[in-house]
Amino acid sequence: MIAMDRIARIPIARWTSRAFRVSAAARQTPMSPLEAHNELEPVYAAIDDRLNTVRSKLNRPLTLAEKVLYGHLDDPERVPVRGETFLKLRPERVALQDATAQMALIQFMASARPQVAVPSTIHCDHLIAAEVGAEEDMAKAKSQNKEVYDFLASAGAKYGLGFWKPGSGIIHQIVLENYAFPGLLMIGTDSHTPNAGGLGACAVGVGGADAVDVMVGLPWELKAPKVIGVKLTGKLQEWASPKDVILKVAGILTVKGGTGAIVEYFGEGVDSLSCTGMGTICNMGAEIGATTSMFPYNSRMGDYLKATGRDGIASLADSFSEQLRADENAVYDQLIEINLSELEPHINGPFTPDLAHPLSKFKEEVEKNGWPAELTVGLIGSCTNSSYEDMARSASVVKQALSHGVKSKSIFNITPGSEQVRATISRDGILDTFTEAGGTVLANACGPCIGQWNRSDVPKGTPNSIITSFNRNFSQRNDGNPQTHAFVASPEIVTAMSLAGSLKFNPATDSLQGADGAEFKLAAPSGDELPVMGFDPGEDTFQPPSDDSTSILVQIDPDSQRLSFLEPFPAWDGKDYTDMPVLIKARGKCTTDHISMAGPWLKFRGHLDNISNNMLIGAVNDENGEINNVKNAVTGEYGTVPDTARAYKAEGVKWVVIGDENYGEGSSREHAALEPRHLGGVAVIVKSFARIHETNLKKQGMLPLTFNNPADYDKIDSSDKVSLVGLKNLTPGEPVTMTVTKADGTSMDILLNHTFNDEQLEWFRAGSALNKIKIDLGT
C-alpha cells in the first residue's frame, strides 16, 4: 500500500512561464461574497507575475506548495531554498478565533495602527462550554462571556475586522464556507487553520504575534518548508472515509514527522474525495507537525464553491488551474503512496493522535492493552468532521439502527460545524434522526474537542473510553480526566460504535441485535456530498466591519479579571544569563495543553497574569514523576509550577525550562510562550520543538534552544544551576554554550543550537517582536 522515498520526481503537469492578465474593467470577482471590494483577479495576476520571476531564478518545476508560497513572496528576486531560506510573504487574509483573538488584538492595539492592513475576521467558537444542549449552553456562554464578546465586537468594528458572533460556528468551517479559495495564502491563530487546504489554499496556523505582523502591514516570515508528497490512487471503499487517510498518514509520519514541511496530496485518487473530505485531511495535518497541507484544485472544489455561492471564483480558478497544481516532474523531499481502494478504517489513540490501529485489528489491541472496552461517549462533529457529508453519512448509519429499533447505547453528542450546516441538516431531517436515536445536539462551537465540556456522566479519575471524530486526544484534553482513553476515528465509525456501546464492535464484520432479538449488520454508510436543496444559511450571525469607526471606543475595565492590556516586556540588558535554576525538567510529551491548559482556563486568555496561573501545570516533573509539583531552589520547598515561578520573579531570579522531544506540539496558543516570559523565564531548552511554539517563544523575547546532542537532556537535573554565556555574540547558525553547575559544585559545558535569523535576534534584543514593531513604527 505504501512506498516511501527520500527524493521523488512525480509526473504531474508540464510547466511553462505564462501570463495571467485581466483588464481593469474585468476585475469583478470578489475574494468573498462578504467582501465585494476585495477582488480576486489582481491576486491571481500577482501570483503569476511572482512565479514567472521565481521560475527564471530556479529553472525547475515547482510543487503546488511552492507555487502558492512563492507566488506570495514580498521579494521574488531572492532565490528560495527549501528547508533553508526564510521567506517574507504577503498573505491575503488573517483569521482569529476568540480565545487567541483577545491577546492578538491587545497586541495590535499597542501598535497604534488605525485599521488592519489585510482582510481579517474574528470567530467566536472557543468559549462555549458543552453541558446540556445547544440552546442552554449558548445562552450561558453569551452571559458568562459578555465582556469578552463585547470587547471583540467593538475591536472588530474599530479596526476593520469582520466579527462572527457566538453561534456562527467553528472558525475553520466558516473560513471554508466564506473565505477560502484556491491559491489563497492565509494565516490563522489556530493550529487547524490548514483545514482550508481542502479548497486549494495554503493556510497556516500561527501565534497571535505573527497575526499582528500581517495585520499591521508587515510581511509574514516563514522558513521555506520542505514538501512531503502523498500520492493517492484508487477509491475509498465501504466504511473507509477521508479521515482514514490522515489517520493512516499520522501513523506513518508520527506527531513530529511533518515538522518543517508542507504535506501535498496528489494523484488520481484525489478526484474521488469531496472538498470537505480534503479539508478533513488537511485539518488533521496539524497532528503530524506539518506547516500545512494542501490539495490541487479540481472539479470537486469547484462544486463546493458553487454550492456556497462562489461561482465566479470557481470559474476564475478554472482559468488559473495551471498554477493551482504541481508541475510535471515536481520534486518532493519525501513520498508516501496510499492506495485508497485498499485503505481500511483506522482508529487512533489513546493519548496521542499518531498511535494508529486498522479497524480489523482494533479489538485485539483493546484486549491486549486492557483499555476500557465499554464506550461511555461517542462524539461527532468538530472542525475536523462536521460537514454536510459527514453528518449525512453518519445519519445513514443511525437510520439503519432505528429501523431495527436500536438507539445509541453510549451517550451520543453531535456538534454541527457552522450555523449553515446546522440549519441545513435540521431542514433535511438529519438532526431529527440523531435525536431520535438518543443523540444530543451541542452548540455550533468547538466544545468538547478543546476541553469545553462540563462532563458529569463519569467521576474524574474513573477509567473510561470515549471515541470522537475530533483531531486531538491528548491526556485530559477533552474532559480533564487523565483516565479518559480518547480515540479518534471517522464520524461514521464513531456513530456505529456508539450504537453498539463498545470499542470491540467492528461495523464491517459484526452484527447488532435488533429490538426483536434478531441480529442485523449495518450496511456501509452513504450520503450526499452537498445538499440537494442547497445550503440553508440559517440565522445571520455576521457583523461586518464598520464603515465609520472613528467614534467607536474599545475599552478594558482596569478591574477586569478577563481582559488586561499587555505591559511591554523588558529589552535584553546585554548580559549573559547566569546561575539560573531549572524551574522544571519536563518528562516526555509536553504539548501546549500541558504548558497552558484550555478548558476552564480559556476565560482568562485576555488576561496574561491570571492565565499564567496555569503555566506548565500539566507537565510531568522528571525529578519526582509528579504533575505541578516542583522544588524551589531558593527555599527548598515544593509548590506548584506557577507559584514557584512567581516566587523566583519576585526575587529577581531568572529561570529556564528543560524539555523533551517535540516540545510544544499541538495548539497554536501563544499563551504557552507569553506565560513563561511573563513569569520571569528566559529560555526553554529541549531536544526538539514543534514549529509554532518555537516561533511563539522567539516572538516573546525568549530563547528557544535545542540540545546539540539530545542525550544531554539526561545530564540535566532539576537541582542544577545553568548559565547561558556568550549571548553578545549570538549569531545565526552558531551554537550557544550552556554551563551546568551541579549541586556538588562540579560543572560541565553543553552545546545548544538555535534557529534564529538576524531579524529574529532583533526581537530578542528588543524584548519581543511587538517591541521591535513599535520601535520600527515609531509608536
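Quick reminder: no glycine exception, Cβ is built from N, Cα and C everywhere.
Since this is a predicted model, take the numbers as computed values, not measurements.
The substrate site recorded in Swiss-Prot includes ASP190, SER191, HIS192, ARG472, ARG477, ARG605, SER668, ARG669, and the single candidate from GLN28, GLN97, GLN323, GLN334 that the record places there is GLN97. On the backbone, the CA of CYS383 ([4Fe-4S] cluster binding site) and the CA of SER191 (substrate binding site) stand 11 Å apart.
Looking only at the binding-site residues GLN97, SER191, ARG605, the one with its C-alpha closest to CYS446 ([4Fe-4S] cluster binding site) is GLN97. Site extent for substrate: among the recorded binding residues GLN97, ASP190, SER191, HIS192, ARG472, ARG477, ARG605, SER668, ARG669, the largest C-alpha separation is 21 Å. Cα of SER191 (substrate binding site) to Cα of CYS449 ([4Fe-4S] cluster binding site): a span of 13 Å. For the recorded [4Fe-4S] cluster site, residues CYS383, CYS446, CYS449 set the reference point as the centre of their Cβ atoms, and the other residues of that chain within 8 Å of it by Cβ are ASP125, ILE170, HIS192, GLY381, SER382, THR384, THR415, ALA445, GLY447, ILE450, PHE470, ASN471. In the three-state DSSP scheme, GLN97 (substrate binding site) is classed as strand.
Around SER191 (substrate binding site), taking its Cβ as the centre, 27 other Cβ atoms fall within 10 Å, counting all chains. Taking the Cβ of ARG669 (substrate binding site) as reference, residues of its chain lying under 8 Å away and at least six apart in sequence are, in sequence order, ALA99, THR100, GLY207, THR592, SER596, ALA598, ARG605.
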